[in-house]
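The GTP binding site feature in Swiss-Prot is assigned to A:15-18, A:45-46, A:Lys50, A:Asn118, A:211-218. What Swiss-Prot records for A:Asp115, A:Asp155 is divalent metal cation 1 binding site. According to Swiss-Prot, the divalent metal cation 2 binding site annotation covers A:Ser156, A:Gln213.
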Number of protein chains: 2
Amino acid sequence: MIKERVKMEVIGLEIPLISGNEEYTLAELISKYPLEENDIIVIAETVVSKSEKNVILKDTIKPSNEAIELSKKLGKEPEVVQVILDESNETVRLGPNFIVTETKHGFVCANSGVDESNTSKGIKPLPKNPDKSANEIRKGIEEITGKKVGVIINDSMGRPFRKGSCGVAIGVSGVCGLWDRKGEKDLFGRELKTTEVGIADELAATASVVMGQSDEGIPLVIIRNAPVPFKEGTGKELIRKKEEDVFR
Amino acid sequence: MIKERVKMEVIGLEIPLISGNEEYTLAELISKYPLEENDIIVIAETVVSKSEKNVILKDTIKPSNEAIELSKKLGKEPEVVQVILDESNETVRLGPNFIVTETKHGFVCANSGVDESNTSKGIKPLPKNPDKSANEIRKGIEEITGKKVGVIINDSMGRPFRKGSCGVAIGVSGVCGLWDRKGEKDLFGRELKTTEVGIADELAATASVVMGQSDEGIPLVIIRNAPVPFKEGTGKELIRKKEEDVFR
């Protein structure tokens, strides 16, 4: 009457803290884990940014007048606001203590995804090119292990209409980003009602359940036996163009 | 160097087609599976709606002039548009072939979540009170099995800014909906940067990876060993109030 059809595993891994001064690459580090063919590796963006030394030293930032004005409204340090502005194409909305921007990558998110909890060392933007980072990590892993894998770089973002952050895929390689199911039929031979699935976002959210907060020490998650297409995908294909969005 | 910290299982289950005329309840059906303490059971909303006979016969619907006018713009049947309007508090945006509404539950989504692929039998809205449905199913399961579980009713919804649908939690019982982590500290003793996590949405998305499309025959997913709080939650707590939303 009830039959098991799929059994997917979601494995949360602790790794050493990444500073950017490691003598190994992320691909080398991840390959130490006994990976299997078609594993999907989800990595918290913060780890990727740090490993790429994408951290801006606070005393090198000269806040503009615009950043200083905005910083008062938002209750943020002018240096942080300057980085948020530098990382953005445009401001989409101004909230009580956040700015929603479109980032240079095209993501619409709060504060350009810039990590506000800056350490003494600096302020951390999102990785510069998450699809490229995901691709490099994947190629590295495949070279070392000889196994075909997928790589997703995820981040937690807030959303309109719904409270709470949710994991999304900002970089994708080796696995489908947006799953186009147009033309497929359901059990009754009818066209599927949902034709485009944000599958990499759902996988990113899956990993986020296990990561909790990446700073808890589980910034790396392996998703094994996921029933998803392993055709080439990107994080970019998940971005809705401004002119196709009724909320822009 | 790399250490396994969490191992979560996501089990997709095939169940018989639900028509609403079953001699068993959903709780009785689900309890046939060997559940474990703290399993989270995610159920596709379509199954819940059908089991509650929440299907509107097409020939009982009299479309209003408003519905008829709108149906031409949207390329939908007037009866479907009438149900969409009946299910909504207000129209939020009008798209080329969809209406974004706020449903009577408070969800902002396309077409009030009404299933357009209506069969000969009728048109299927979302469950009337998904939190109540989730709670009844949970209580039923706990009574039969003697095990404490969580229940989430999920649906696939589109999103502003991002392409592709993504699973969200429309009903929640026995597990946290919105996870408030304010005051918690990270590895460095700093306050967590993300303080509210939409954990039930992330769990709903996790299940959606395995469900694919619920009509594929896997409308039921068990999430085992999820590192999440089992305190009482609701789907309602995930809804952002209109006046607190910069996109309304």
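Note: Cβ is positioned from N, Cα and C throughout, glycine not excepted.
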#### Entry: Other CB atoms within 10 A, centred on A:Ser156 (divalent metal cation 2 binding site)
26
#### Entry: Of all listed binding-site residues, namely A:Ile15, A:Asp115, A:Ser156, A:Met211, A:Gly217, those lying near chain B with CB under 8 A
A:Ile15, A:Asp115, A:Ser156, A:Gly217
### Nonlocal neighbours by CB distance (under 8 Å) for A:Met211 (GTP binding site), same chain, sequence gap 6 or more
A:Gly12, A:Val42, A:Ala44, A:Asn154, A:Gly167, A:Ile218, A:Pro219, A:Val221
### Query
Cα of A:Leu17 (GTP binding site) to Cα of A:Asp155 (divalent metal cation 1 binding site): how many Å, rounded?
18
### C-alpha spacing of A:Ile15 (GTP binding site) relative to A:Asp115 (divalent metal cation 1 binding site), in angstrom
20
### Query
For A:Asp115 (divalent metal cation 1 binding site), what is the secondary structure by DSSP, using just helix, strand and coil?
strand
### Query
In the structure shown, which of the binding-site residues A:Ile15, A:Leu17 has the fewest Cβ neighbours within 10 Å?
A:Leu17
### Alpha-carbon spacing, A:Ser156 (divalent metal cation 2 binding site) to A:Glu45 (GTP binding site), which is rounded to whole Å
9
### Query
Which one of these binding-site residues has the most other Cβ atoms within 10 Å of its own Cβ: A:Lys50, A:Asp115, A:Asp155, A:Gly217?
A:Asp155
### Task
Return the member of A:Ile15, A:Glu45, A:Lys50, A:Gly217 nearest to A:Asp155 (divalent metal cation 1 binding site) in space, with distance defined Cα to Cα and candidates limited to these binding-site residues.
A:Glu45
### Message
On the three-state reduction of DSSP, what should I expect for A:Ile15 (GTP binding site)?
### Response
coil
### Task
Check each residue in the chain of A:Glu45 (GTP binding site) that is at least six apart in sequence and keep those whose C-beta is under 8 Å from its C-beta; list them in sequence order.
A:Gly113, A:Leu126, A:Pro127, A:Pro130, A:Ile153, A:Asn154, A:Asp155, A:Ile170, A:Gly171
### Task
Please state whether DSSP places A:Gly217 (GTP binding site) in a helix, a strand or coil.
coil
## Note on the structure
By a three-class reduction of DSSP, A:Asp155 (divalent metal cation 1 binding site) is assigned strand
